[in-house]
Amino acid sequence: MSSHKPIKVALLGCGTVGTEVVRLLTDQAADLTARVGAPVVLTGIAVRRPHKHRDVPAELLTTDAEALIASDVDVIVEVIGGIEPARSLLLAALRSGKSVVTANKALLAEHSADLFEASDASGADLYFEAAVAGAIPLLRPLRESLAGDRITRVMGIVNGTTNFILSGMDSTGASYGETLDEATRLGYAEADPTADVDGFDAASKAAILASLAFHSRVTAADVYREGIASVSAADIAAAKALGRTVKLLAICERVSVGGDDDQTAADGTPITESISVRVHPAMIPKSHPLAGVNGAFNAVFVEADAAGEMMFYGQGAGGAPTASAVLGDLVAVARNRVHSGRGPRESAYAALPVRPMGQTPTRYHISLDVADRAGVLSQVAAVFAEHDVSIAAVRQEGRVDDASLVIVTHAATDAALRSTVDKIGGLPVVREVVSVMRVEGEEL
Ligand SMILES: NC(=O)C1=CN([C@@H]2O[C@H](COP(=O)(O)OP(=O)(O)OC[C@H]3O[C@@H](n4cnc5c(N)ncnc54)[C@H](O)[C@@H]3O)[C@@H](O)[C@H]2O)C=CC1
Ligand SMILES: N[C@@H](CC=O)C(=O)O
Ligand code: NA
């Protein structure tokens, strides 16, 4: 039996994730006590609608989240989502020395500076493993296990809803709308699913990943973002024809600053390294390990100087998987309280600047419908040359009166590639730009 006084926990929000947190806390109470070294006791649940039917102890429900935070609880678990009132509630909790566990990526991607400052001022823990890639242990490896290495790249599928939709479109030809409804029914989608399909959710996660991986402060506003709304059946067919598949990727990578860039920091010192943080659909080869990640599963590749390549894979969304990560954090902060310890602090010391997307090296796949006559290829190739974009592969297929031309480029700046596509689209010999998509995960 434990001799330490109970660790009192208050839950804010009781929706998809909150309900599962209550279930796990209840079902595993004895094990949690043994693992923490003290009983972990849920003392209140703040909800918006107390009379709604939920499978949780009704006597714990309250609509007064502030009062719960002001009570003698040790840990606040926040699964409300969104910026306000979550931000004010968590700042109040941290300032009064309560440990905080949150799954709220939108909040962390915008207000981590304030939250970490409040956590530092009082010495209270701030844990958020559930905020990125659901159940998958990813943030703790970045913050702790890899803290002695130099991470160079983090690339992955971090949004379950969009991966569920793209997988459905690729495998069964299911429609976008049908699969989105199903993802919402299964508890994967955000309260407002446009956060998923427009890439905001993945961009928040990319900001959190880049901040931790590169010890820099990156907010959601710094992340280049494209969602999946523009991914068409033609894009998916074009990818399939080339042995590729389309995924919404979050990519965070170090980019060396070349001689031409000549960038300087505000204090005049030359910048030698920057980071690219971006979310967009991309074609990846079917042979790439991320290509086999389907449904609401997430997977994240991490590359580090000494460790080499690692991949983290598992359930990235849904009530129970997300609650697993919340409970893991809850055990960690409870243990810290029992042993008077503290989790890792934020380390934004490297302060690497985020590179504008236009200056980021990317590669494009371009599929064109062109007139089938002599000289077309040379006209198209001339536009690439004019923009200093080098072509890695070309495939041309003729038909009766028109032909298709598929081009994959070598890396060039995104701005040069965009200008190239714009100019090609205006050539009289080009009937239609059928598909344009970035290419990741292969060397040519
Ligand atoms: N559902 C998932 O797969 C995952 C969700 N998350 C995050 O977890 C958080 C919760 O997500 P879900 O449970 O899916 O959302 P949800 O919408 O099912 O639950 C949120 C609950 O909070 C309640 N709420 C809103 N304002 C409140 C207030 N002022 N006081 C008390 N309760 C209030 C809502 O009525 C709702 O029941 C979000 O930050 C989300 O981004 C993170 C990873 C995965
Ligand atoms: N809506 C999110 C939930 C988990 O973070 C997703 O679909 O991944
Ligand atoms: Na996680």
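Using the three backbone atoms N, Cα and C, a Cβ is placed for every residue, glycine included.
Among the features that TrEMBL reports, NADP(+) binding site is placed at Leu12, Gly13, Cys14, Gly15, Thr16, Val17, Gly18, Thr19. Residues or ranges marked as NADPH binding site by TrEMBL: Lys105. Look at TrEMBL and you will find Glu190 tagged as L-homoserine binding site. The active site, proton donor feature in TrEMBL is assigned to Lys205. Here TrEMBL flags 365-438 as domain 'ACT'.
Checking the recorded positions Gly15, Gly18, Thr19, Glu190, Lys205 against ligand 2 with a 6 Å cutoff on the Cβ atom leaves Glu190, in sequence order. Per Cα geometry, Glu190 is the residue among the recorded positions Lys105, Glu190, Lys205 nearest to Val17 (NADP(+) binding site). Counting in whole angstrom, Thr16 (NADP(+) binding site) lies 10 from Glu190 (L-homoserine binding site) by their C-alpha atoms. If you take the Cα of the residue listed as 'NADPH binding site' and the Cα of Gly18 (NADP(+) binding site), they are about 15 angstrom apart, rounded to a whole number. Ranking the binding-site residues Gly13, Gly15, Gly18 by other CB atoms within 10 A of the CB puts Gly15 at the bottom.
Checking the binding-site residues Gly13, Cys14, Gly15, Thr16, Gly18, Lys105 against ligand 3, not one has its Cβ under 6 Å from it.
Around the residue listed as 'active site, proton donor', the same-chain residues six or more apart in sequence whose CB sits under 8 Å from its CB are Lys105, Ala109, Ala131, Val132, Ala133, Val158, Asn159, Ala250, listed in sequence order. Spacing of Gly13 (NADP(+) binding site) relative to the residue listed as 'L-homoserine binding site' is 14 Å (Cα to Cα, whole number). A straight line from the CA of Gly18 (NADP(+) binding site) to the CA of the residue listed as 'L-homoserine binding site' spans 14 Å. Per DSSP, the domain 'ACT' (365-438) is made up of 23 helix, 34 strand, 17 coil. Around the Cβ of the residue listed as 'L-homoserine binding site', the same chain contributes Gly81, Thr161, Asp196, Asp201, each under 8 angstroms and 6 or more positions distant in sequence. A C-beta separation below 8 Å, combined with a sequence spacing of at least six in one chain, links Leu12 (NADP(+) binding site) to Ile45, Ala46, Ala65, Leu68, Ile76, Val77, Glu78, Val79, Ile80, Ala86, Leu89.
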